[in-house]
Amino acid sequence: MGIEVGGLLGLLHLIIVVYAFVKIVQSSAGTLAKVLWIVVILMLPLLGLILWLLFGPS
């Protein structure tokens, strides 16, 4: 994988993470749920995002 492709994938991942954080903070979920989702996304970057997309924004 070229450096350009890796850089674009990294940028795309960063944009998705920031989007997820904004949506989590704006959600009507409780504070504990918000904190837990943010921790999951930070600790398990790709898996955490996938889990949040599947189960989080309900």
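Cβ coordinates come from backbone N, Cα and C, glycine included.
Annotated transmembrane segment per TrEMBL: 6-22 (among others), in sequence order.
TrEMBL lists 15-57 with the feature domain 'Cardiolipin synthase N-terminal'.
According to TrEMBL, the transmembrane segment annotation covers 34-55 (among others).
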Pop the mean pLDDT for the domain 'Cardiolipin synthase N-terminal' (15-57) in here, whole number is fine. 92
Counted with DSSP (H/G/I as helix, E/B as strand, rest coil), the domain 'Cardiolipin synthase N-terminal' (15-57) has 36 helix, 0 strand, 7 coil
